[in-house]
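To start, the structure under review is shown below, and the notes come after it.
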Amino acid sequence: MTSAAAIPTVTLNDDNTMPVIGLGVGELSDAETEQAVTAALEAGYRLIDTAAAYGNEAAVGRAIAASGVPRDELFVTTKLATEDAGFQSSQDALRASLERLGLDYVDLYLIHWPVSQQGKHVDSWGGLMKSKEVGLTRSIGVANFHGHHLDDIISLSFFTPAVNQIELHPLLNQAELRAVNAEHGIATEAYGPLGVGNLLSHSAVNAIAEAHGRTPAQVLIRWSLQLGNIVIPRSSSPERIRSNIDVFGFELSEEQMSTLNGLDDGTRFRPDPETYSGS
């Protein structure tokens, strides 16, 4: 088990700190969510990532409340659903999320998808700025934003997101977008680091795992951490949750990193932000 104190943190561009690894709970049922968050907090996780669109914020809140972990030790992220896009509606949506979570504030609030064809991502960003100003969230950021989406909000608001959460794994290593994020001082947060499970049986990943006496999942998470990303693997299994955080006792070599970097072929397992208009 990894203690919470042993998990490194990164300082965001607003001077708030964020753990470099956390638990994602997308597509988990309420029961799975409560079990996963409970197991994660017991294992030393302090970053929990949910979203209004996941429908499980209340379950996250129940697990947090039952854990006994002090609020100031936690880092809770949730996200704005597309249907709530807009300046005022984004603020109202965060208040509703907080009520479901049973919290007075979140540590990070993200616009879940740009949905630029809807034309509201800039207005939503203004709403997030207001929510930060009044203390409903400590930090604000975006998810699934490409460079031009970032340019839209930064050029009009003169306020830069702290985080850009994107699909990122060896088949989609997002080198170009990571560089854009870095240029703006935006932390890159990787979701889907295991390729939604599709990379666990990849021969190159397994060879590296065998060389280190580690699991394929641990290798994939370690690869992303060594790239400088924040990583939020999703799991409902307490055993895998404990295993996924045990990634600070080994290091991939330059050759192994290069091997995994070389797998990039642009494969997405989640929607393309350029065309997606969902939640």
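Any Cβ shown, glycine's included, is placed from N, Cα and C.
Under the heading active site, proton donor, Swiss-Prot lists Y54. Look at Y54 (active site, proton donor): DSSP puts it in a helix.
DSSP assigns R240 (NADPH binding site) to a helix in the three-state reduction. The number of other Cβ atoms within 10 Å of the Cβ belonging to R240 (NADPH binding site), over all protein chains shown, comes to 17. According to Swiss-Prot, the feature NADPH binding site maps to G192, L194, V196, I232, R234, S235, R240, S243, N244, R270.
It is 15 Å from the Cα atom of G192 (NADPH binding site) to that of Y54 (active site, proton donor). A straight line from the CA of R240 (NADPH binding site) to the CA of Y54 (active site, proton donor) spans 21 Å.
Comparing N244 (NADPH binding site) with Y54 (active site, proton donor), their Cα atoms are 22 Å apart once rounded. In this structure the residues listed as binding NADPH are G192, L194, V196, I232, R234, S235, R240, S243, N244, R270; their two most distant Cα atoms lie 24 Å apart.
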